[in-house]
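For reference, TrEMBL has these:
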- ARG170: active site (ACT_SITE)
- SER288: active site, proton donor (ACT_SITE)
- GLU389: active site (ACT_SITE)
- 16-207: domain 'FAD-binding PCMH-type' (DOMAIN)
Amino acid sequence: MLATMTSFADITTIAVGGEIDRFVEPTTRVGVIEAVEEADAKGLPLFVIGGGSNVLVSDEPFHGVVVRDARRAITVPDEAAPVEGDDRTVHVNAEAGCNWDDFVDYCVRLGLEGVEGLSGIPGTVGASVVQNIGAYGQDVASSVESVEVWDRKDKAVKNLHADELRFGYRMSALKASMYQAPAVPAGEFFPTPRYVVLSVTFALRHSSTGVVGYGQLAKALGVEVGDRMDTKEIRDAVLRVRAAKGMLEDATRYTRLAMQGTKKATLVATALRAQNDTPDANRHSCGSFFMNPILTAEQAAMLPPEAPRFEAVLPNGEPGVKTSAAWLIDHAGFHKGYTVDDDAKAGLSTLHTLALTNRGQAGSQDVAKLAKTVQDGVEHTFGVRLVPEPVVVGFSLR
Ligand SMILES: Cc1cc2nc3c(=O)[nH]c(=O)nc-3n(C[C@H](O)[C@H](O)[C@H](O)COP(=O)(O)OP(=O)(O)OC[C@H]3O[C@@H](n4cnc5c(N)ncnc54)[C@H](O)[C@@H]3O)c2cc1C
């Protein structure tokens, strides 16, 4: 197990955050459990971090333990792929520390369908199930069979089946275990869930083609939504569309000492070549900073008629209406490239309204000021308070 000096600015995609008292990288399953258990037993703040792509941490020193799982193996427990009959399911298991896009690349190369639309999402397999990552018509929930976790409360390893994970829009039972309300941390476990993911077992389909599930992607591929295409072509198109929107992480981070070895070297090299055209100012973000609000019918009725509306389910299980955070932000007057003042070190991406970016040397308060300005402006205009998607540590963004 490695224990080195580092800061959150070194290990997060937005490159913000203070020094860490103790940073450990266990290389075994028991090592992960012991590191978590030791911090919990001593009552120390514990942050199990993956790729650091969905966190915004204060610049103040973190007086606790940060654990980053250094296990990255992918295995295929099914000995042979099914070749006949209707059931073409192939199980794949990945350890929590495996880079998510390395996993997608592996599955696509193996001729498996189910995660190709999630190409290019930064982070790890472990965190993918925490917030149920989704993009381009796919989410991880639809291909997860079970998740092996360390339960910090019961102090036991458990195997949680997909049915128990209560997956929803950017939500799961794992994520819910660290919040008492949206953006309001629960006292006990935050900023790490009660359940620390050790590995994930996916049920994928043996098929070299996948479904194009999203309009923008279909347009890029010149096909209709619902058409089947080669999964490799879908993956390449997703990566191209993401690059054009500045929604790929900055691959130069993997050349930094604190990130070395966390992603497959060949894929880092490919990503570095692909990102040359992305302006540097757009490369350091947490991706989409705000969740798309899910409103009651009454709240949705207050929005202008032209505001986007999609069917959705409220946290209480009742039918709701999902609107677009990007639309609200733009129509509240915060356009691409917006900054709170001319010298601001943080700003909205010039390519994507929803991404708050560190333009270089931004601190947590620069990002917080921008986020609050946008939240206040949207609330003032539309009566809707936007909820941040990243895990905010050391200060509050309600
Ligand atoms: C450029 C960019 C684009 C993005 N695009 C998308 C997108 O299209 N769709 C989408 O859904 N998200 C997107 N994201 C957000 C982010 O990539 C995902 O949320 C990702 O799953 C976070 O993974 P991570 O390993 O970086 O998690 P981290 O940021 O390291 O951690 C996030 C949370 O997960 C917890 N966690 C991490 N590992 C474990 C574990 N092993 N067990 C339990 N808890 C754990 C942490 O404690 C923390 O609470 C994007 C981010 C960026 C920077």
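Note: Cβ is positioned from N, Cα and C throughout, glycine not excepted.
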State the count of C-beta atoms found within 10 angstroms of the C-beta of GLU389 (active site), not counting that atom itself.
20
In chain order, residues whose C-beta lies under 8 angstroms from the C-beta of SER288 (active site, proton donor), counting only those at least six residues away in the same chain, are ALA325, ALA326, HIS352, LEU354, ALA355, GLU389
For the domain 'FAD-binding PCMH-type' (16-207), would you mind checking the mean pLDDT of the predicted model?
95
Let me know how many other Cβ atoms fall within 10 Å of the Cβ of ARG170 (active site).
18
